[in-house]
Amino acid sequence: MLPEEDLKIIKKELGREPTLVEQGCFLNLWSEHCSYRSSAPLLKTFTTTGENVIIGPGDDAAIIKFEDGYVLAIGMESHNHPSYVDPYNGAATGVGGIVRDIISMGARPIALMDPLYFGPLDTPKNLFLFEQIIKGIAGYGNCIGVPVVNGETFFDRRYSGNPLVNVVAVGLCKEEKVMTSRSQKAGNKLILAGSSTGKDGLGGASFASRDLSESAEAEDRPSVQVGDPYTEKLVMEMTLEAIDKGYIKSCKDLGAAGLGGASSELAAKGGLGAYIIADAVPQREPEMNAYEILLAESQERMVFEVAPEDVDAVLALVQKYDLNGAVIGHLTEKPNYTVEFRGEIVADIPIGFLTGGAPTCEKPSEAPIHREEGKKPETPEDLKAAFMKVLSSHNIASKEWIYRQYDHEVQLRTVVKPGEDSGVLRITDKKGIALSCGCQPRATLLDPYTGGRTAIIENAMNLAVKGAEGLAIVNCLNFGNPENPETYWQFKNAVLGLGDAARELSIPVVGGNVSLYNESDEFRTAIPPTPSIGMIGKVDLETPLPSGFFAKTGDSIILVGETVPEMGGSEYYSCMGAGNAGKVPEVPKNAPEIIKAVIEAVKSGKLNSAHDISLGGIGAGLARMCKNMGGKVDVSEIAGGMKEDEFLFSEAPARALLATAEPEAVQELLKGVPHAVIGTVGGDALEIKGKDFELFISLEEIKNAHESLTKFMMMG
């Protein structure tokens, strides 16, 4: 049902009662999911332009200039609500939707990333959601031949009842082949191609704009789309061939709000109208009505603008790939969205009003009185036991059980595989891209502004340890109910933090999506604010890339950046039962300089190993690097007055661990930013010495801790 206030606005504009079909169009296109009515004022604060940005926000995906005539398409989407109701299909179609966004820009998809957020795996329900979502992503991505090269998986009890499935997709094409969703000329035909239209996903856009109820699994299952990756692969090849042959004037994939959304947005973007003949749509089910035909979100469908003389050629291509296709309307000079069904006009709406008339507003915001939970833990009597507890946490442990289900080498571009700070793909003989994703939800819950800044800095450092400078950022802004002033305050401040940090690094925010109403009636919880981002950067492949693990005995270990005692939102506090207590470590003012110095050190070719320090702090970072060999570290001189657990587990941003056989030369490159040589690589254990403590952890103990998630899943 349309909100009463919206209905009043619509009646006034139309001068009459809207028809049932018109109400459906407004219900979906004016939903939070489609119109960003609560978030639009905040999204305008991002810097979205830059020297490499060809197309920024507003199209199906952004287009970023690379080199040698190549451009990158990048987009990010969420499929959160559907993945709770039907986890396999919800996750699978989340992949399919963002992949079609890339295709509709004329680019071939070359990489996926999947930041995922779950409740702890100690309940059958959370375990089921986790397993099925991973299977859904793997089942779809593997079948269409697009590698998943990086990801993040984070567990927290607040995601019980509302897991988050965010997907980043990257594509590649020549600049002259770039396509847009901006309609070109009145009189051109609209062709719907791909799968036939059924009733699956009906009302998906409006479904994604409300909280999840206790009965959601049963009641909302029809709102979840069902995907077919083999059809998606055919749609991909057919679309790219049609674009390559010059038949397509503009193009848009069918996602939220189905044909009604895609065809109206395509026409409106070019200042034109559209006349749709709903009967002409290839239908999967008999006796579908106009409402269902227009708004069903059946997957694997595209709408093309085609000149009349090219219609037969496009339909021949559709037939060649054994797909469904038909002319379902045309573009008009009159800027109206008109729908005919069985000889009658069932909708006739000013198109700009439909696609851009939803009232937007910045909602009331108010800082929560109590943001902290629990209290700071005492310094542990058994430091090694605490250390091992952190290493064994599912948030710190290896995610090999997940990424081994993905084909991460298909297309033969993968240079750095999953399991390191960022994935790396080869684009040309000399250049590649690094990709990273994620955020720190617990820190953002305590301090949304700092949490937003930290997300940018951490991902930038993930790229930096591979020598990559950031080119572009996309985001999925996952929050609770924006009508709650405290939630909107979180949202507003996290967005401001993201934007400020991105500007400090001169990286434009070129696209993404907003997912609100992530709350669960079943668990009486809202998700922690989760401003998940994807970041890509350019890598020089002529210089050997450092490993994320210790690689050469005798290398000097260098700590870059400054460690501070603030521990708010840390994995250590969570493992010690402290909840979200304490102050979140601030992003240092010299973070851009630190990141730049690390990039220069990597580009020098003098590093054998490099790793970002984030979740779990220096302790977890060192342990992670001890995959093949150990190291001896002495921090007694640099820990200052910090307690041992503070120094080991602080998650202060803008830090990295480097290993080199040429410490003097690397230190010269790091001149001007905080750094210190803290030890050497070698041996069969990690040894850490401080003022008042010594730790000895064998490689076997580290391996067992890192395999905790894999062992848990393999035990069934």
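Quick reminder: no glycine exception, Cβ is built from N, Cα and C everywhere.
Feature annotations, reproduced from Swiss-Prot:
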- His33: active site (ACT_SITE)
- His79: active site, proton acceptor (ACT_SITE)
- Tyr36, Asn475, Gly512: ATP binding site (BINDING)
- Glu77, Asn513: Mg(2+) 1 binding site (BINDING)
- Ser78, His79, Asn80, His81, Arg100, Gln225, Glu297, Ser298, Gln299, Ser515: substrate binding site (BINDING)
- Asp101, Asp253: Mg(2+) 2 binding site (BINDING)
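Known features from Swiss-Prot, placed on the structure.
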residue	record	DSSP (3 states)
His33	active site	helix
Glu77	Mg(2+) 1 binding site	strand
Arg100	substrate binding site	helix
Asp253	Mg(2+) 2 binding site	strand
Glu297	substrate binding site	coil
Asn475	ATP binding site	strand
Gly512	ATP binding site	strand
If you measure between the CA atoms of Arg100 (substrate binding site) and Asn513 (Mg(2+) 1 binding site) and round to the nearest Å, you get 15
In whole Å, the longest Cα-Cα distance within the recorded ATP binders Tyr36, Asn475, Gly512 is 14
The answer, for which of the recorded positions His33, His79, Arg100 has its Cβ ringed by the most other Cβ atoms inside 10 Å, is His79
Between the C-alpha atoms of Glu297 (substrate binding site) and Asp253 (Mg(2+) 2 binding site), the distance in angstrom, to the nearest integer, is 11
Taking the centre of the Cβ atoms of Tyr36, Asn475, Gly512 as the ATP site, the remaining residues of that chain with Cβ inside 8 Å are Ser39, Leu43, Pro57, Met76, Val474, Cys476, Leu477, Gly511, Asn513, Val514
If you count the other CB atoms within 10 A of the CB of Glu77 (Mg(2+) 1 binding site), including all protein chains displayed, you should get 24
When the binding-site residues Ser78, Asn475, Asn513 are compared by other Cβ atoms within 10 Å, fewest goes to Asn513
Cα-Cα, Asn475 (ATP binding site) versus Asn513 (Mg(2+) 1 binding site), nearest Å, comes out at 6
The binding-site residues listed are Ser78, Asn80, Asp253, Asn513; by CA-CA distance, the one closest to Tyr36 (ATP binding site) is Asn513
If you tally other C-beta atoms within 10 angstroms for each of the binding-site residues Tyr36, Asn80, Asp253, Glu297, Gly512, the top scorer is Glu297
